[in-house]
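Database features, via Swiss-Prot:
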- Thr48, Asn113, Ser190: substrate binding site (BINDING)
- Tyr106: site 'Important for catalytic activity' (SITE)
Amino acid sequence: MAQSVTGIQIGGTSFPPAVKPPGSGNTLFLGGAGVRGMEIQGNFVKFTAIGVYLEDKAVPALSVKWKGKTAEELTESVEFFREIVTGPFEKFTQVTMILPLTGQQYSEKVSENCVAIWKKFGIYTDAEAKAIEKFIEVFKDQTFPPGASILFTQSPNGSLMIGISKDGSIPEVGNAVIENKLLSESVLESIIGKQGVSPEARKSVATRLSELLKESDHCVAGNEKVDECTKEAENKA
């Protein structure tokens with residue numbers, strides 16, 4: 001599949017069609033990408049560019065329920081994105097700075113959002129509190145100039161590997177691993193979920209997967225078939 005999925009350029013950030021995430025033996029394809037920004041005094045200010053990558057088997061896994069849905073239907077579906085976030089396949093998220101940011105600013109904002117949601121649903125336990133402490137510790141002394149990236153490898157077993165790149169490369173190993181499924185899922189959901197920080201990335205993922213899923217009737221037979229149908233979808237797009 002990796003060869004037939006196109007890359008995405010967002011400003012000065014290029015998201016290639018496929019990457020091998022830190023700590024992973026798999027090559028993941030680019031599910032979608034978009035910016036995180038905010039309206040400030042009438043201007044849309046872009047803070048980060050975000051790319052979301054998925055393991056090949058995400059397509060047959062999602063096709064069972066979502067094939068034939070339009071990009072608009074998928075964009076509006078809370079359940080669809082929950083299946084991406086919680087699905088039994090690897091995910092990789094690259095957050096690249098457009099404006100400079102400190103590690104403390106980033107980790108505290110992510111942590112606040114996660115804890116608020118967990119407390120709302122009554123799922124915040126000591127395990128999550130310890131995971132948040134470790135998450136904040138990873139970023140404590142970091143600074144991220146424009147072009148630097150924070151990298152999240154999300155394993156189906158619930159582990160979250162955090163990597164840091166200051167030169168645009170993707171390292172083979174990460175800086176830390178946090179064994180907490182809820183945190184791992186929440187990091188991705190905070191980006192492409194219904195209330196996520198990048199509606200543009202959410203729409204991009206929905207649009208690209210809608211095209212792949214259209215051709216997924218014969219994708220469930222294995223990776224070779226997935227690759228074939230992906231090429232067909234790309235040719236039609």
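Cβ from N, Cα, C; glycine included.
Note that this is a predicted model, so its numbers are computed, not measured.
If you count neighbouring Cβ atoms within 10 Å for each of the binding-site residues Thr48, Asn113, Ser190, the highest count belongs to Thr48.
The two recorded residues, Asn113 (substrate binding site) and Tyr106 (site 'Important for catalytic activity'), have Cα atoms 11 Å apart.
Taking the Cα atom of each, Thr48 (substrate binding site) and Tyr106 (site 'Important for catalytic activity') are about 11 angstrom apart. Long-range Cβ contacts of Tyr106 (site 'Important for catalytic activity') within its own chain (separation 6+, distance under 8 Å): Phe139, Phe144, Ile150. Of all Cα pairs drawn from Thr48, Asn113, Ser190, which the record names as binding substrate, the longest spans 17 Å. Secondary structure at Thr48 (substrate binding site), as computed by DSSP, is strand. Within 8 Å of the centroid of the Cβ atoms of Thr48, Asn113, Ser190, where the record puts substrate, the same chain has further Cβ atoms from Arg36, Lys109, Val110, Val187, Ile191, Gly196, Val197, Ser198. In the three-state DSSP assignment, the secondary structure recorded for Asn113 (substrate binding site) is helix.
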